[in-house]
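Annotated features in TrEMBL:
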TRANSMEM  7-26  transmembrane segment
DOMAIN    9-136  domain 'EamA'
TRANSMEM  38-54  transmembrane segment
TRANSMEM  66-85  transmembrane segment
TRANSMEM  91-112  transmembrane segment
TRANSMEM  119-137  transmembrane segment
TRANSMEM  149-168  transmembrane segment
DOMAIN    150-281  domain 'EamA'
TRANSMEM  180-201  transmembrane segment
TRANSMEM  207-228  transmembrane segment
TRANSMEM  240-259  transmembrane segment
TRANSMEM  265-285  transmembrane segment
Amino acid sequence: MRRRDLLDLLLLAAVWGGSFLFMRIAVPEFGPGPLMELRVGLAALTLLPLALLRGRLPLIARRWKAILVVGALNSAVPFLLYAYAAQSLGAGFMSVANAVTPVWGAVIGWLWLKDRLPWGRALGLAIALLGIVVLVWDKLDFGAGGHGPAVLAAVSAPLFYGIAANWAKRFLGDVDALSNATGSMIAAALVLAPLAIATWPAQPVSWHAWGATIALALVCTGTAYIMFFRLIASVGPTGAVSVTFLVPVFGVLWGVWFLDEVLTSQILAGAAVILVGTALALGLVRWPRRQVSGSAGA
């Protein structure tokens, strides 16, 4: 990987890690529905001129049904789940939970598309899911004031990313990434619009929250997608997906620095187990082969 690609990878991880920070700042004033509507709507406006210049709009119009599903599953639903979780969970916790996204992609691909899943990668999946258990072990309290619903929302969001990735692979494999991203942002905005209108805040929203929302939409969503496409073109999908391992680092870092969140040993342990399992599941790290010793016959 070239130095420029490495810098792009670090910058993208920092930007995506920042999305959890901005959600934590903005969601108390906007609420989940309006905040996510602004996120995808403004991101769509960021991507639309680029798609227009490259002549992608006719393709988006022709494949709107499949793109609508991706918009719902890859943006509207998981974004809404994270925004709901952000009302009570820390940015660091959510960024670590998000790291299991490639694992769900592999599981859904194996169950639905019959993708090959060697035993070593399957064991990696199990290890990553064990990491989720470590992460949430003492937080599944569903009583009054408990964090159980928020925790379930945070750990469920990556499942929808996994379903969406395989849907796109199955039905949109011939559609370029820019068309997918632009179309899915527009679709997500349409899906979330009724909820956003119904729950729009009655009180004026502070400039502090507006600033976080604009950063979330324009930087962490619209611009981040463009950066991700450039990274895929430069280093390939496997290299680009390694950003998954860096996002929790920045998510935790931003939470500690800007929100005074506490980095607990449980979050560190859960993150370590999740990242090791994910690396094995993606085949980025392989189990050591057992060497068979013996003498060669003459």
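Cβ from N, Cα, C; glycine included.
Sequence-distant contacts of the transmembrane segment (91-112), counting only residues of its own chain at least 6 positions beyond either end whose CB sits under 8 Å from a CB of the stretch, comprise 17, 20-21, 23-24, 82, 85, 121, 124-125, 128-129, 131-132, 135-136, 154-155, 157-159, 161-163, 165-166, 169-170, 241, 244-245, 247-248, 250-252, 254-256, 259, 261, 263, 267, 270-271, 274-275, 277-278, 281-282. Computed over the domain 'EamA' (150-281), the whole-number mean pLDDT of the model equals 90.
According to DSSP, the domain 'EamA' (9-136) comprises 110 helix, 0 strand, 18 coil. Within its own chain, the transmembrane segment (38-54) is flanked in space by residues 30, 60, 71, 75-76, 79, 178-179, 181-182, 185-186, 188-189, 192, 196, 213-214, 216-218, 221-223, 225-226, which lie at least six positions past its ends and keep a Cβ under 8 Å from the stretch. In the domain 'EamA' (150-281), the DSSP tally of helix, strand and coil residues is 113 helix, 0 strand, 19 coil.
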